[in-house]
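The block underneath contains the structure these notes are about, expressed in structure tokens.
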Amino acid sequence: MPDGFASHEERAAFIAGLPKAELHLHIEGSLEPELLFEFARRNRVAIPFASIDDVRAAYAFTNLQDFLDIYYQGMGVLHTEQDFFDLTAAYCARANADSVRHIEIFFDPQGHTARGVAFETVITGITRALDDAEARYGITSKLILCFLRHLSEAEAEATLDEALPFLGRIAGVGLDSSEVGHPPAKFERVFARARSLGLKTVAHAGEEGPPEYVREALDLLKVDRIDHGNRSLEDPALVARLAASDMTLTVCPLSNLKLCVVDDIADHPLKIMLDADLKATVNSDDPSYFGGYVNANYQAVADALDLSRDDLVTLARNSFTGSFLSDAEKARHLAAIDAYA
């Protein structure tokens, strides 16, 4: 039996109701095939799929770049403020069903402005849906603007310029897209500028890239959180540093499986991270492409790694303590976890 539970079913029910935050979610990565077809029809965009089954069959990846190729293709159906509203509203409904009480979501404006979609169109649609989710479900949110690392720092600077009128709705900046060959050092100046504007900073590092990329994210980008961070475990000194500094890692188990970062979910390093006192969290990354929202990720690692009640509570607590909420808001959520557990 799982430690702290009478059965696997009891653990699953515990996960379902456990209050949690999600800190690593790309809103464009929550585009379900049904919505893909709806937006394509709505905007008269041709897509290379005849059916929803065709789309799901295409969601077979061997690495990050395989996924990114189809991710950007899917993004092409998003044109209007209503599209971004509907996309975000659909994710928020799923998050609510998974007992998610706070979300910090990434958006990729460069993937839209390059297609002629205005920055304002993107952010207004997303924030309208986030406001609606707070009113409807009580879910609070933060928005993180991600720079695409396969593009230049100058292009990131231009995107930050476009964001200036909307800084009241943007909590931070991040770094995503193709990791290998695009080290954090490439974006040192634009991250410094973002910090000077009062924005939080996060970066994808150590997913496919080496531990050195995690060090660069810490030392050069001065990030508040590391997104993924799996390969940090290859460097004991880095692990010790991350643990000593209470650096949150936003880990994405089903993403790691789908992108072949791990060969089997039983090989996932999440439990090793917890045992090393790393502040790991569980997140869904791009759930429509990787086969599961946040509770499915919790369930997958709970089953494969035989996580205990204490492990699950730690993961949920980490998701709030690692968030960009105020200390008072964090305390309220931690009290809710304690009352539930």
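Cβ atoms here come from the backbone N, Cα and C positions, even for glycine.
For reference, Swiss-Prot has these:
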ACT_SITE  E207  active site, proton donor
BINDING   H24, H26, H204, D285  Zn(2+) binding site
BINDING   D286  substrate binding site
SITE      H228  site 'Important for catalytic activity'
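Swiss-Prot feature annotations superimposed on the structure.
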residue: H24; record: Zn(2+) binding site; Cβ within 10 Å: 30
residue: H26; record: Zn(2+) binding site; Cβ within 10 Å: 24
residue: H204; record: Zn(2+) binding site; Cβ within 10 Å: 29
residue: E207; record: active site, proton donor; Cβ within 10 Å: 24
residue: H228; record: site 'Important for catalytic activity'; Cβ within 10 Å: 27
residue: D285; record: Zn(2+) binding site; Cβ within 10 Å: 31
residue: D286; record: substrate binding site; Cβ within 10 Å: 26
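Among the binding-site residues H26, H204, D286, the ones whose Cα is located within 10 Å of the Cα of H228 (site 'Important for catalytic activity') are H204. On the backbone, the CA of H24 (Zn(2+) binding site) and the CA of E207 (active site, proton donor) stand 13 Å apart.
Apart from H24, H26, H204, D285, the Zn(2+) site neighbourhood in this chain, defined by C-beta within 8 angstroms of the site C-beta centre, holds L25, G29, F106, D176, D227, H228, T250, C252, S255, N283, D286. H26 (Zn(2+) binding site) sits 15 Å from E207 (active site, proton donor), taking the C-alpha atoms as the reference points. Annotated pair H204 (Zn(2+) binding site) and the residue listed as 'substrate binding site', C-alpha to C-alpha distance, rounded: 13 Å.
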